[in-house]
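Single-structure report; data block below.
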Amino acid sequence: MSGGALGIEIVLVFFLPLFLLHRYGHFRKQHPLVLFGTLLSWYLCFLIVFILPLDVSTVCCPYPPIVSHTPKVCHKPWSYIPDGILPVFWRVVYWTSQCLTWLLLPFMQSYARSGGFSILGKIKTALIENAIYYGTYLVIFCSLLIYVAVHPQWQQGLQTISIAAANTWGLFLLVLLLGYGLVEIPCLYWNSSRHGYLLAKTYFKVAKLATEKSDAEENMDDAMEEVANVNESVGYSHPLRNNIDTILRKCPMEIQEKMVRLNTEDSEDESTQRTYPSKRSLVKLHKQVIYAGQRHSQTQVQWAILLEEAFHLEDVCKNETSASHQFVHSFPSSQPPGWLGKYLYTPTIEWYWECVLRQWCYRLLALLLSLLSVAVVWSECTFFSTHPVLSLFAIFIQLAERDYNYLYIEMACFVTILFLCVCVYSTVFRIRVFNYYYLVPHHQTDAYSLLFSGMLFCRLTPPLCLNFLGLIHMDSSISHQQRIETAYTTIMGSMRLLSFIADGFYIYYPMLIVLLCIATYCSLGTRCLNLLGFPQYISQSDDLTSELVEEGRELIRRERRNRQRSEDGESRKRVSTVLSYFESSLNTGEDPISMFTPPHYQTMNHLPAHWVHCLCKMLRHEVSLRYRSRISFPNPGCKN
């Protein structure tokens, strides 16, 4: 199967970034170039992560086998990749990702944020904003050329110097994110098993999001007020009217209709003296409207999702003491249950999962992740030691290498690098830099944040893979061992040309992970942000945290009352519909029992159980009065 495994992984890996882009981006609203740039950058990074274990296993168990004194024989593996394929593959993937992260994506970021009304206008704005950015690159490149010209011994290592500079920057950021993720992810799953903690933190998020939602609504109102003033001052015959219409298309539909109606009423009076805006002010207003609309949409969607989460957690706390062992929701689901929820995920199974099994599964997963985190921290501090070998991952790989256990090598490499990627990438998805960078699920992430995440992925993945190769002693420039190098390492170049980086920074800087893990476990960063005026959830013993938790609890109570009133109003409407049909059936002589059959059976099913019970009693009493008989009405799908 020559190269078959490589082809299969190339195809299958594509669906992972596509799923993430569907979750965070919006295929219909966002620009195709933004979607393509983000998808390509994520796809290339995931390719590196998933293909690297094949490269490592090819080196550990070469075919044809090298002459050895061991009795073991290395048979041709099923996922064998012929010579010459991986070097070309790594060269294309690596340099494409670097061109994206250092040249194209920054330009696309400025283009996406521009308030220009034409393609040329957006390109001009993007070039001006990135002039300093690209100018810095040009100065560094020219300085590097001059240095190489003065020192001829460096001419063969120009590519290596460029790669080392990019990887050094990436490693600097990688250690910070990895040190945070190694502690935060196990703690996240452990805390997810504590319903009381989750509910209190959800109240805290509700209080914070309520403030953000209020600010977003105010910004939206201010932007719409300014749009109304500009729309009123510019008539249909003015040259800037097309730009005004472009801005109006970014406003909510009800605002658009109101603006058009007002502008139509004022279009007859052309003699009125008006003050016309400038083209630059319209560009600024366009950018302001786009930003305000995005923030308003994000906060509205987040608010609805957070309310559902809070209601669910409150239901879990109430159902924990249920003697019937059946999960009861406060509010019915807006969507009808599917086949899985109707026959497999029954209320009894849901109760056992939500109230019993889930917390134990999360605790077990947290313990496993904690063990992996400890192994990573230990290996990061000891991977430079080759005699004796102290890195746990290097020991595992070398044991499998002696037995030519091809599958075990691939699985061990895959699990290790996957855990490292989860720690780093999850931090990229979780961090928030004010409102400039924030990945919001449910199709609410703006173009700037999507492109910025693609830049971070492309800059973090190569040093992450080099760090992984160092952990398993596959990078000879760090381990100083004479062995066959992976194709990925040959493309990166030998770091021995830069001994102060290979023997210094790459070895000792990752030890900083220990301090970062301790700081994360003690919540030092969270406490610092709290002191600077950015509220963070610490514990309910903290005064500010407890105040926000109480505020969030009160907001949830208010929203629950509003939701209950709405549900009761809908139920009254359904009862009125059923009673009206019952009255008409009695007047026309029809069988009243037919109301419990389609299409009226669906109406009855949407009523709460106690409503249906009372309704049946009312109908039984009414029929007994009219027909002097007792008629038993079935209870449609509910238990009283």
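Glycine residues also receive a Cβ, built from the backbone N, Cα and C atoms like all the rest.
Curation plays no part in TrEMBL annotations; they are all automatic predictions.
From a predicted model like this one, the values you see are computed outputs, not experimental measurements.
If you look up TrEMBL, you'll see 6-21 (among others) marked as transmembrane segment. If you look at the transmembrane segment (6-21), the same-chain residues 6 or more away from its ends with a CB under 8 A from one of its CBs are 35, 38-39, 42-43, 46-47, 50-51, 54, 79, 81, 85-86, 89, 450.
The transmembrane segment annotation in TrEMBL covers 33-54 (among others). Residues 5-6, 9-10, 13-14, 16-18, 20-21, 25, 27, 79, 81, 86, 89-90, 93-94, 96-97, 100-101, 104-105, 108, 111-112, 409-411, 413-414, 417-418, 421, 447, 450-451, 453-455, 457-458, 460-462, 464-465, 468, 486, 488 of the same chain sit 6 or more residues outside the transmembrane segment (33-54) yet have a Cβ under 8 Å from a Cβ within it.
Within its own chain, the transmembrane segment (92-111) is flanked in space by residues 33-34, 37, 40-41, 44-45, 47-48, 122-123, 125-127, 129-130, 133-134, 137, 166, 447-448, 451-452, 454-455, 458-459, 461-462, 491-492, which lie at least six positions past its ends and keep a Cβ under 8 Å from the stretch. Marked as transmembrane segment by TrEMBL: 92-111 (among others).
The transmembrane segment feature in TrEMBL is assigned to 131-150 (among others).
For 170-191 (among others), the entry in TrEMBL reads transmembrane segment.
Sequence annotations record features per position, and here TrEMBL assigns coiled coil to 206-233. Mean pLDDT, taken over the coiled coil (206-233), works out to 90 on the 0 to 100 scale.
The transmembrane segment annotation in TrEMBL covers 360-378 (among others).
If you look up TrEMBL, you'll see 407-428 (among others) marked as transmembrane segment.
For 448-472 (among others), the entry in TrEMBL reads transmembrane segment. Within the same chain, residues 21, 24-25, 30, 34-35, 37-38, 40-42, 44-45, 48-49, 52, 56, 94, 97-98, 100-101, 105-106, 108-109, 112-113, 163, 166-171, 173-174, 177, 376, 379-380, 383, 391, 393-394, 397, 413, 416-417, 420-421, 424-425, 428-429, 436-440, 478-479, 486, 488-489, 492, 506, 510 sit at least 6 positions outside the transmembrane segment (448-472) and bring their C-beta atoms closer than 8 Å to a C-beta of that stretch.
Long-range contacts of the transmembrane segment (507-524) within its own chain (CB-CB distance under 8 A, at least 6 residues past either end) are made by residues 171-172, 175-176, 178-180, 182-184, 187, 373, 376-377, 380-381, 383-384, 467, 478, 538. Residues or ranges marked as transmembrane segment by TrEMBL: 507-524 (among others).
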Quick test of the contact rule: Cβ under 8 Å, at least six residues beyond the ends. What residues does that give for the transmembrane segment (131-150)?
102-103, 106, 158, 161-162
